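Asks: Relevant sequence annotations retrieved from TrEMBL are reproduced here:
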TRANSMEM  53-73  transmembrane segment
TRANSMEM  85-103  transmembrane segment
TRANSMEM  132-151  transmembrane segment
TRANSMEM  180-201  transmembrane segment
TRANSMEM  208-229  transmembrane segment
TRANSMEM  263-283  transmembrane segment
Amino acid sequence: MEGLVMTPNEADEKLPKSAGRSCESLGVENSLRLKFLTAIGAHEYFSPEMWRAAFTELVATASLLFTLTSSIISCLESGEVDPKLLVPIAVFIIAFLFLLVTVPLSGGHMSPVFTFIAAFKGVITFVRASTYILAQCIGSILGFLIIKTVMDQNAAQKYSLGGCTIKGSGSTSGVGTQTALMVEFACTFVVLFVGVTVAFDKRRCKELGLAMVCAVVAGAMALAVFVSITVTGRVGYAGVGLNPARCLGPALLLGGRLWDGHWVFWVGPILACSVYYCVSLNLPNEGLKSVEEECDILKGEGIV
């Protein structure tokens with residue numbers, strides 16, 4: 001009986017070499033697959049917290065776009081001498097309130113722009129990012145569906161349901177796609193550089209507090225909107241989108257000229273996020289030191 005029992009080493013020697021290589025390659029493949037799934041955050045598919053946060057993004061995006069679009073159209077119909085000046089004020093107030101409520105719940109993205117940069121910087125996983133963007137797009141469709149239902153049809157046609165347009169209708173010319181792309185890129189970058197730089201800095205967030213950080217981000221958005229609607233001065237151009245999901249909802253529901261140059265409102269923010277990410281890698285981790293502090297460091301007095 002002893003001759004029939006093989007030791008582990010003997011068993012390994014009995015196995016064909018091809019079988020050993022197959023087991024080894026299978027182990028490597030499983031290891032690589034596991035690393036990939038971990039890197040993209042596949043485990044979050046089974047996290048109830050992630051799905052609750054995504055649902056928050058859906059509801060918040062629908063509510064934000066319904067409120068924001070209705071308010072902007074009301075400003076434009078107010079009869080003021082220059083109603084465009086009221087738009088940035090409305091954007092600031094509404095964005096500030098929604099950020100204040102949703103930041104503690106889901107991060108307060110409500111736009112693929114903030115989700116893109118959060119994924120680039122590793123704040124959230126790519127699985128959560130893709131889920132958030134899907135929720136934001138669905139929220140946009142629902143929000144504008146409500147607007148389309150309750151809004152006067154003449155106003156809906158006049159303002160293209162509050163969607164993102166770069167081409168005018170009739171005698172209005174709008175702007176070219178190159179100009180719209182440049183404005184979208186520049187304004188989105190400004191929002192990221194001013195707002196996100198503060199929002200993603202834990203030390204500064206702690207110093208300023210939630211309300212002030214939300215005010216900075218909302219202020220950056222209002223500034224970008226103000227610049228976009230004044231710098232071009234062209235009738236038919238609805239201004240910077242800053243939110244690709246906001247542009248998608250009306251385009252799906254109303255169509256027509258809303259699809260003209262629609263890609264601009266996706267490509268511009270993605271380019272801005274990519275450039276900002278590269279710039280952020282080269283930003284100093286600490287603030288500038290005073291001359292006295294620099295001298296102390298050079299003298300070795302600041303070294304413990």
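Any Cβ shown, glycine's included, is placed from N, Cα and C.
In terms of burial and nearby residues, how do these features look in this structure?
Replies: Panel annotation: around the transmembrane segment (85-103), residues 56-57, 60, 63-64, 67-68, 71-72, 75-76, 78, 110, 210-211, 213-215, 217-219, 221-223, 225-226, 229, 239 of the same chain, lying at least six beyond its termini, place a Cβ under 8 Å from a Cβ of the stretch.
Sequence-distant contacts of the transmembrane segment (132-151) (same chain, at least 6 residues past either end, Cβ-Cβ under 8 Å): 53-55, 57-66, 69-70, 73, 106, 109-112, 115, 124, 161-163, 245-246, 248-250, 252-254.
Within the chain carrying the transmembrane segment (208-229), a Cβ under 8 angstroms from the stretch's Cβ atoms is held by residues 84-85, 87-89, 91-93, 95-96, 99-100, 103-104, 108, 183, 187-188, 190-191, 194-196, 198-199, 237, 239-240, 242, all 6 or more beyond its ends.
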Asks: Using a threshold of three or more Cβ pairs below 8 Å, and leaving out pairs closer than 6 in sequence, do the transmembrane segment (53-73) and the transmembrane segment (180-201) count as in contact?
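Replies: The answer is no, given that the two segments have fewer than 3 Cβ pairs within the 8 Å cut-off.
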